[in-house]
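Student: Before anything else, here's the structure in question.
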Amino acid sequence: MTAATHTKAQVLAAALPWLKQLHGKIVVVKYGGNAMTDDTLKAAFAADMVFLRNCGVHPVVVHGGGLQISAMLKRLGIPGDFRGGFRVTTPEVLDVARMVLFGQVGRELVGLINAHGPYAVGITGEDAHLFTAVRRDVVVDGVATDIGLVGDVEHVNTEAVRDLIAAGRIPVVSTIAPDANGVVHNINADTAAAALAAALSAEKLLMLTDIEGLYTDWPDRNSLVSQINTDELTELLPTLEAGMVPKIEACLRAVTEGVPSAHVIDGRVEHCVLVELFTDEGTGTKVVNP
């Protein structure tokens, strides 16, 4: 036996306690950031999802697509804007977001996963009443600000997702959803992932980002925290960069609504999901109740 082979065996053996803990459990993964634009990282993420599925864990993927939406808006000559970390969504922007999220980003991820076998099924928040949206405003510099057709999740109907899980599939969810009157909204993928994780009674919520985790005093690299509770995080929230706010709000929502832990991890690292779930050290920042 070579040293490399022995090392691989040791890695697998070390993962056993975590495999036992997560067997049969649902893990919701919010897929976004650089992990969606680098071909190597995309392939690694898809392989991670298939690995989880074949280890008896039930992954549910909720994906973003902000970079791809911005690129398409630019290509079409449609202006785009962000306020409070959320995209301002006019009806014209919504049409583009709907097309890109399900027709481009979602289909690509489904294809990458299904290169390993017939596992992934793509759905949107519109399918089987998965999400019911309610229009939201955001607070910018202390002022409530209208950001257009942007929704929060008012209700989650998990039946379709649970049916897919029971059939051995990996749901891949695009976050477009109607409100109670049928008006379609764009839901921030972080927000949707948190709501879905809570509704599914998931064991964990993983949030892929483009940084190593949560910094309490950015840009001080020494302020990276490995674990933080919801009380501490609530106090920290007003000091965070706008782009991090939806992610941290999502972690808070998931954990306060019953998900045992939420994890902010670095999606720029290959197999970051497996490192977080199946090693003692993990990666990034873990959010728990006090």
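Here the Cβ of each residue, glycine as well, is placed from N, Cα and C on the backbone.
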Student: Going by the substrate site in Swiss-Prot, where G65, G66, N186 are listed, which of the candidates R83, R87, R162, R169 is also part of it?
Tutor: R87
Student: So around the substrate site, G65, G66, R87, N186 aside, which residues have their CB within 8 A of the centroid of those CB atoms?
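Tutor: These residues sit around the substrate site: G64, I69, S70, T89, A97, L101, N188, A189.
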Student: What is the interatomic distance between the Cα atoms of G66 (substrate binding site) and K30 (site 'Transition state stabilizer'), given in whole Å?
Tutor: 13
Student: Which one of the binding-site residues (G65, G66) has its C-beta surrounded by the most other C-beta atoms within 10 angstroms?
Tutor: G65
Student: Across all protein chains in the structure, which of the recorded sites K30, K247 has the highest Cβ count within 10 Å?
Tutor: K30
Student: Under a criterion of Cβ-Cβ distance under 8 Å and sequence separation of at least 6, what residues of the same chain contact N186 (substrate binding site)?
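Tutor: Residues satisfying the criterion: R87, T89, V93, L94, A97, R98, L149, V150, G151, T175, I176.
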